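A.B. asks: I'd like to ask some things about the structure below.
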Amino acid sequence: MQFLLMKLSLTAPVEQLQKKFPSAIIVGVKKAGTRALLEFLRLNPNIRAPGPEVHFFEKNYHKGLDWYR
């Protein structure tokens with residue numbers, strides 16, 4: 001299970017926004033409280049997190065970094 005977090009840029013117009021690598025990656029195992037940590041971090045309006053797990057390392061790594069971005 002993994003969650004990727006990115007800071008949300010509120011200063012640039014939408015057409016100038018770019019996808020960037022996250023500044024933090026949270027990796028957790030089942031029943032370790034990872035979902036609770038993600039929900040707590042989502043309370044901060046400056047943190048952007050994806051919806052469901054992206055499973056990059058175990059299911060989507062073969063798709064490469066372009067898919068990840």
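Placement of Cβ uses the backbone N, Cα and C atoms for every residue, glycine included.
Taken from TrEMBL, the feature domain 'Sulfotransferase' applies to 24-68. Marked as active site, for sulfotransferase activity by TrEMBL: K31. The 3'-phosphoadenylyl sulfate binding site annotation in TrEMBL covers K31, A32, G33, T34, R35.
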A.B. asks: Using a 10 Å radius around each Cβ and all protein chains in view, which of these recorded positions has the most neighbours: K31, R35?
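C.D. replies: Counting Cβ neighbours within 10 Å, the top one is R35.
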A.B. asks: Just to be sure I understand the packing, how many Cβ atoms besides its own are within 10 Å of the Cβ of A32 (3'-phosphoadenylyl sulfate binding site)?
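C.D. replies: Around A32 (3'-phosphoadenylyl sulfate binding site), other Cβ atoms within 10 Å: 11.
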A.B. asks: Using DSSP, would you call the residue listed as 'active site, for sulfotransferase activity' helix, strand or coil?
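C.D. replies: The residue in question, the residue listed as 'active site, for sulfotransferase activity', is coil (DSSP, three-state).
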A.B. asks: So how many other Cβ atoms are close to T34 (3'-phosphoadenylyl sulfate binding site), meaning within 10 Å of its Cβ?
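C.D. replies: T34 (3'-phosphoadenylyl sulfate binding site) is surrounded by 17 other Cβ atoms within 10 Å.
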A.B. asks: Within its own chain, what residues at least 6 apart in sequence put their Cβ under 8 Å from the Cβ of G33 (3'-phosphoadenylyl sulfate binding site), listed in sequence order?
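C.D. replies: G33 (3'-phosphoadenylyl sulfate binding site) has no long-range Cβ partners.
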